[in-house]
């Protein structure tokens, strides 16, 4: 399916030279000018590119389509199956344009409205900035405070003025997320503190001259030639001989900049600081960092420098990398970011555990994304990308995903479904189960009558949205009650409880039964506090069922508070008599004894009320926390292809390497390498032959026998050149991790992989 996209754009300050044979344009940079053009492009190549005279309106746009679109489709050989895409400009959606599309049978792809884009992807993009908002604001306050402290004349400020203010920003091991954090920090510093900000990374600063060059280039917005820098010497006196790449040049530039910006008030206004951000401190060469700090300390009176260190591990890294004589030149303040798991909890709460976001993940896909996060990269950014990938795959592969939207839009879309779409609904497993439960006449109507099916689907969509609106508040209430219990029977994080509820009926789980038993042992104050938190969760929910539930919960809380003080004094926690230090066996024995005693003993009013409250919670769980598979038409909202997500997100280099070595034709597509019985052709690279033969060997491989075996397969005599080829292939296999040298026998190598892995 080809998609053709068009646009009318004004090209400013650049002339576009059009080549009619290649249908391409080359840019010629020179001053002034603006022209209006219309163009279209598809996967088959660019189409027409025409100049538009004057301003465009609906009538002129209609004429442009008439003259160019169909002709371009013919020349690109798109046929009649292409889909045309345009934005929601008023002239594009005018009646004349829509009538022309209909008359010429051109399929037009809907362009999402700005509000829809804000409600989906914008929330995901902005969310990660909000995660670090608190620590970024703290950093901004730190830079302002350090900048203003330079203007004070008291003794303490003068002593600190000889030190370089340094913020040690501990971000954690989720390194892929650091780029977004530092980008946001740089933008905020530019907007509200100083225009002089430079960010550097270790990979581009292998030597002191490279670090100095990057800092000067990014602060002064100029080019510094390597030839004009000192080549090898790292001492400050020798470096300062270089005019173009030295901090003295930076000082002169800074004085010129600040005087130019405010010549009259330069003396009494505080000067904006020069901020240098080291994104990955641990990766920097300690010697390079040390020499750079020593040089900067000599210019601190002329240049208001400030450092920000990005640290992934521990603040002690600074003391480990820098000697005391250097670290004492820094006035360090520590800033600790929230952990990546706390950030993940926020993302899950705002993007997944909410009825406002109609797209959902089933248990297997959710588990794949969480496993990649917890056991691979700890990256919230990559988790969000995985969620976006699942969303795109769902809307691409599921035709009924048109119903995965807000309730009002979904109900309208149901009435616009074609007969083909309704047949797809009839093939859904959840719908088939629903039909089987109906009476025979209703089954016939659902299978044969499209109008009746549409009305039924509207009811199902309403039920699905009601299910989501009630599911998440009850899930949060259950997590509130169970997350404080010993050993966290249903998980410490709400994501663990959510996964359990997605997989099966949570009330049939043994851990759930254990949690309910532990809740029956809570003291009055603890239980009331937990129920009050549940009430706070339910109050904001705009659902009749949840409002009724919140009212019933308030009644229970009122009953708890009305218990007589005498009865309250008699209420004690069953675990009061236990020793502070006891083993699990003793705890179980004591609990069993108390359970037997409780059976023969009459329950107190508090215990009766506590049991009533927990039975009420249990009924809510059984009513609202059933798995999504129990809901008809859940397939339109839930993405379930975990294999696709794993294939796209989980890199498998070992599998690719083995495929290349076992069957080089798969990648090289050379006919001489093609074989039918799974063997390797003699024309294959030496490493492929060596790999295939090493699979037939045992734990230790004799190198000389291996060499003779390869020469026999290749029908070659042993020679110096062939021995060199063999040594190279063995070295390559060792580099890839298939073999290693061994001390047991000097003329042998040890095999490292087994079972085809």
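Note that Cβ sites are derived from N, Cα and C of the backbone, with glycine treated the same way.
Predicted, not measured: the structure shown is a model, and the values here were computed from it.
The feature domain 'Origin recognition complex subunit 3 N-terminal' is assigned by TrEMBL to 127-403.
Residues or ranges marked as domain 'Origin recognition complex subunit 3 insertion' in TrEMBL: 415-641.
Annotation comment: TrEMBL describes 654-708 (among others) as domain 'Origin recognition complex subunit 3 winged helix C-terminal'.
Per TrEMBL, domain 'Origin recognition complex subunit 3 winged helix C-terminal' is recorded for 723-754 (among others). Counting residues of the domain 'Origin recognition complex subunit 3 winged helix C-terminal' (723-754) by DSSP class, helix then strand then coil, yields 14 helix, 7 strand, 11 coil.
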Surrounding residues of the domain 'Origin recognition complex subunit 3 winged helix C-terminal' (723-754) on its own chain - C-beta under 8 Å, 6+ positions past either end: 657, 685-687, 689-691, 694, 697-704, 706-707, 710
Contact between the domain 'Origin recognition complex subunit 3 insertion' (415-641) and the domain 'Origin recognition complex subunit 3 N-terminal' (127-403) (3 or more Cβ pairs under 8 Å, separation 6+): yes
Secondary structure composition of the domain 'Origin recognition complex subunit 3 winged helix C-terminal' (654-708) [DSSP: H/G/I, E/B, coil]: 31 helix, 3 strand, 21 coil
